[in-house]
Amino acid sequence: MKEAGQMQNLESARAGRSVSTQTGSMTGQIPRLSKVNLFTLLSLWMELFPAVEAQRQKSQKNEEGKHGPLGDNEEMTRVSTDKRQVKRTGLVVVKNMKIVGLHCSSEDLHAGQIALIKHGSRLKNCDLYFSRKPCSACLKMIVNAGVNRISYWPADPEISLLTEASSSEDAKLDAKAVERLKSNSRAHVCVLLQPLVCYMVQFVEETSYKCDFIQKITKTLPDANTDFYYECKQERIKEYEMLFLVSNEEMHKQILMTIGLENLCENPYFSNLRQNMKDLILLLATVASSVPNFKHFGFYCSNPEQINEIHNQSLPQEIARHCMVQARLLAYRTEDHKTGVGAVIWAEGKSRSCDGTGAMYFVGCGYNAFPVGSEYADFPHMDDKQKDREIRKFRYIIHAEQNALTFRCQEIKPEERSMIFVTKCPCDECVPLIKGAGIKQIYAGDVDVGKKKADISYMRFGELEGVSKFTWQLNPSEAYGLEQNEPERRENGVLRPVPQKEEQHQDKKLRLGIH
């Protein structure tokens, strides 16, 4: 019990230090996701990375409307729901509190093995966040590489103790081997789960519904049934609870005791642990629902002349959505009290690698924040409502795209296809940086395209040439169908139906997953 109490006190202290700036020293006025919880959520999300080859095949048919609700998750959850002993696992590699790797298991290799192949001796002094407790085969190599800390999600481990296909004896022997490796290594193998700060879940729910992607749907299709977002969220919650939680409390206690967490099996530690896990799953489901697989919406080329040319070069919609959710999670680390923005950069190599992400590999990520090392009172925090332009924040905030480029862990290679996913349209300050860095594709919302605000403008994005732009919109082919059947108008270059009399549309209800 003493160990459990010390762990909670330690993590509470860490939570207090990591809820703010890039240096973790500021306390803001809005709820913020701690870095530990961000890394944990990203590890869970990486476990759900779409199977690349299957998605490329499915992308050719993704407009036929054959999938049920949340059809984009069928392939993502196939491996996790399959009754196999080795569970698919997501992994986040962190060095100096910066993400340097996002990985997931492949058909041939575990996540820990992939990390060794990709990073090698560079894993020394890194922190690793697993979506499941790693097996002994992975742990021995990771420990040998000199990692600093290994954190894992305290549910069913990588060698499953729950599935019918697992050999109970083999799984327990592996768990014992893991404990022996843990007790005899210098690496700290632990559970890092922090309670969410006050009102965090409520804040995420409100901002997810108001985000550009959901609002674009409601603006483009004004006759939409607005319950679609909440229905999507409920489906995601059910799905993720089945994947990442152990519904039976006694079974959960048995797993915890088997994997060396018997000190967490007594209340209040056990009930607190389960509540923290449920809260994080709710948050993940909420954010994932903000970029939904809905009707014919997705990331498409805005220029009709380039649609046929660029289609074969674009990512499958499921992968594009997955990467955008990564950026949405990053946005909850923002230091901007008004607008949180997240950005993540990926690249695609010439050939498929051993990673579960296929040929794609992580390059860098960021969120909008004040300069590294700054304190809360060092810079102004006022927005354009402040008449005195000298004390506004816009001259001091580092944009998400800028942080992603600055702290990238890989070089951007001109011969490879690189892509950046941004939760909002890149502004005029960032567009030339993205092009100059050699990034080939931009995935973003287009709600602000062509707008000029008090302190920031979005004029260059629409005029940008030499970089493929895929914005969140109704599939242009579907928009063309609307053009043939209904009056239309254009909003940011996208066909939009003109609202008709309410009685003409009262029977039209949008359905989830028809994509």
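Cβ atoms are placed via backbone N, Cα and C, with glycine included.
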>> Please identify which of HIS110, HIS119 is recorded by Swiss-Prot as part of the Zn(2+) 1 site containing CYS135, CYS138.
In response: HIS110
> DSSP three-state call for CYS430 (Zn(2+) 2 binding site): helix, strand or coil?
Replying inline: coil
>> Using a 10 Å radius around its CB, how many other CB atoms surround CYS138 (Zn(2+) 1 binding site)?
In response: 28
>> To see if you understand the setup: which same-chain residues, six or more apart in sequence, place their Cβ under 8 Å from that of CYS430 (Zn(2+) 2 binding site)?
In response: HIS399, GLU401, GLN402
>> When you rank HIS110, CYS135, CYS138 by Cα distance to CYS427 (Zn(2+) 2 binding site), which of the binding-site residues ends up on top as the closest?
In response: HIS110
>> Just to be sure I understand the packing, how many Cβ atoms besides its own are within 10 Å of the Cβ of CYS135 (Zn(2+) 1 binding site)?
In response: 24
>> Helix, strand or coil by DSSP: which one applies to CYS138 (Zn(2+) 1 binding site)?
In response: helix
